[in-house]
Amino acid sequence: MKEENSQAHYLALCRELEDHDYSYYVLHRPRISDYEYDMKLRKLLEIERSHPEWKVLWSPSTRLGDRPSGTFSVVSHKEPMLSIANSYSKEELSEFFSRVEKSLGTSPRYTVELKIDGIAVAIRYEDRVLVQALSRGNGKQGEDITSNIRTIRSLPLRLPEDAPEFIEVRGEVFFSYSTFQIINEKQQQLEKTIFANPRNAAGGTLKLLSPQEVAKRKLEISIYNLIAPGDNDSHYENLQRCLEWGFPVSGKPRLCSTPEEVISVLKTIETERASLPMEIDGAVIKVDSLASQRVLGATGKHYRWALAYKYAPEEAETLLEDILVQVGRTGVLTPVAKLTPVLLSGSLVSRASLYNEDEIHRKDIRIGDTVCVAKGGEVIPKVVRVCREKRPEGSEVWNMPEFCPVCHSHVVREEDRVSVRCVNPECVAGAIEKIRFFVGRGALNIDHLGVKVITKLFELGLVHTCADLFQLTTEDLMQIPGIRERSARNILESIEQAKHVDLDRFLVALGIPLIGIGVATVLAGHFETLDRVISATFEELLSLEGIGEKVAHAIAEYFSDSTHLNEIKKMQDLGVCISPYHKSGSTCFGKAFVITGTLEGMSRLDAETAIRNCGGKVGSSVSKQTDYVVMGNNPGSKLEKARKLGVSILDQEAFTNLIHLE
């Protein structure tokens, strides 16, 4: 056997490519050209095809991705992967330091690290070889994503001899800004949905069943924790050991002796934030001593020895290219800013809300302006201000069009309201938006019916009203390009499931002006059946808590229209069953909740629905009548007001316990 085809040569080639991967992806100092690397990798693959029995678990070829798997198995974590509590002010930082020092009886050292906005994973090595990788999941169990994690070039598949035989590392999987932009450009070329931000892109990529597709996207990872045998007592030193063993650790963790030093480092990281190649939303502070960490322990959800300090939302300048006008389900015209795409708080922003014509005039926003864009609560893009010094000559004041941009009917400005409305009952845009709302998550929650499918159903003349959805057939749906029999059956199955709906959800789905889930719950709780809601008088409606004259008038007017009543009857004739409302005996019944910030693993809508299912009420502002304020990430001014009024504040763990979500 030739030397170059021996098993010894194969192993040497594996080690050589392993070294080149480390130089290129971790040190960012390539030692050979891409062509030379590809030739060596091609030789490795040839040897493995000829001698499959020689292939080792840590072969660089495993980074290319295995065959697609059918699904991900669920595996229990060796140790729970808990969350880290968030803080947003120096006062909360001070409280954390005081709490730690009081519990330990001394002032400990702290490690400060970047809080990368990615996807947490746990990676296990046996005999110094990567054998398993799990997603965080619910903290107790995660999905086995080993094949996808192997594709990360900066992650070692095998550890050096001075590393322990058995270890687990935990890290954050992410995309750099540059890679994220490339991925979205490819998504656009393929006419697929673009990702809102790098975190969503990373999460979606790890969910792909084809590791070969994952490998093409070039995920990255940063290690933030090591679980290993031995007597080392320093988290900071553990991170240094990880670096020595070839793991990527982003941002040079800092070891601090005092709280004052921690605060200084936090300021430094904030100034460096804009120059980082990846998205961070804060920094993580950890008690450095592992023994002290064990003493401090954890709550059911958070570690008591760590805190995430969140920075203020970012702002970005960009060009306002145009002001588009959208028509909503009730005919209201809404102006939307079309922006030159800009990366903001990890999201690629190309649209921003302008609310209404009065708001545009108040801020003097014009087409061609350079504007400053921010995210309200780091979620909804909005135009904060105009950079008037950059305004081009000849710019004009913008006014709402006099005609609907879709049906070209005259629009009207309603008395005492800022809204401009298309009142043409035949306007296709309003009808499509009404159906889109009807099937949406806050209403009947019918899967697989997006705006493109609904629009195509309209164009084909298959749907004109919400009731028409319940008489669609497989043959109807298969007329839409791209929908085959299996997809059609999935849509029909979702529609069939939606035929059994609670009264409050059905009232929301109807799209009655001014009626959201809060008012719908009040109506359902008082009248209990749809027939009684329909027959309610204006005076009866007005007597209910939280319903004023305008809302009562909107409800009465809606149900006095025979067109609406006929559509409801048609739905019932087609099998829609509206369940009567039954009051809950929950301890939350009648309690008033206000939510501030973003909840982890739970949308605002899910949280509000859970509260209402327990008989609670959801408010939009804090007052003396508020019983609980639920605090998520990035809470707003509602939190401070709750503290001043002495309202009970629930973190997410207390909230889920109260409403029995877990």
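Placed from the backbone N, Cα and C atoms, the Cβ positions cover glycine too.
Sequence annotations record features per position, and here Swiss-Prot assigns NAD(+) binding site to ASP34, TYR35, GLU36, TYR37, ASP38, SER83, ILE84, GLU113, ARG136, GLU172, LYS286, LYS310. In three-state terms derived from DSSP, LYS286 (NAD(+) binding site) belongs to an extended strand segment. Sequence-distant contacts of LYS286 (NAD(+) binding site), defined as residues of its own chain at least six apart whose C-beta falls under 8 angstroms from its C-beta, comprise TYR110, THR111, VAL112, GLU113, HIS235, GLN293, TRP305, ALA306.
Marked as active site, N6-AMP-lysine intermediate by Swiss-Prot: LYS115. LYS115 (active site, N6-AMP-lysine intermediate) carries a strand DSSP state (E or B). The Cβ neighbour count for LYS115 (active site, N6-AMP-lysine intermediate), using a 10 Å radius over every protein chain in view, is 23.
Secondary structure from DSSP puts CYS422 (Zn(2+) binding site) in a beta strand. Per Swiss-Prot, the feature Zn(2+) binding site maps to CYS404, CYS407, CYS422, CYS427; the stated evidence is sequence analysis.
According to Swiss-Prot, the feature domain 'BRCT' maps to 583-662, an assignment based on sequence analysis. Averaged across the domain 'BRCT' (583-662), pLDDT for the predicted model comes to 80.
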Tally the residues of the domain 'BRCT' (583-662) by DSSP class, grouping H, G and I as helix, E and B as strand, and everything else as coil.
26 helix, 17 strand, 37 coil
Does anything in the same chain, at least 6 positions from CYS427 (Zn(2+) binding site), have a Cβ under 8 Å from its Cβ, and if so what?
VAL327, GLY331, CYS404, VAL406, CYS407, SER409
Which secondary structure state does DSSP assign to GLU36 (NAD(+) binding site), in the simple three-class scheme?
helix
Taking ILE84, CYS404, CYS422 as the binding-site residues to compare, which has the smallest set of other Cβ atoms within 10 Å?
ILE84
Cβ density check for GLU36 (NAD(+) binding site), other Cβ within 10 Å (all protein chains) comes to 12
Other residues, Cβ within 8 Å of CYS404, CYS407, CYS422, CYS427 Cβ centroid (Zn(2+) site)
VAL327, GLY331, PRO405, VAL406, HIS408, SER409, VAL411, ASN424, VAL428, ALA429, GLY430
I need the CA-to-CA distance for GLU36 (NAD(+) binding site) versus LYS115 (active site, N6-AMP-lysine intermediate), whole Å please.
37
Would you mind checking how many other C-beta atoms are within 10 angstroms of the C-beta on ARG136 (NAD(+) binding site)?
20
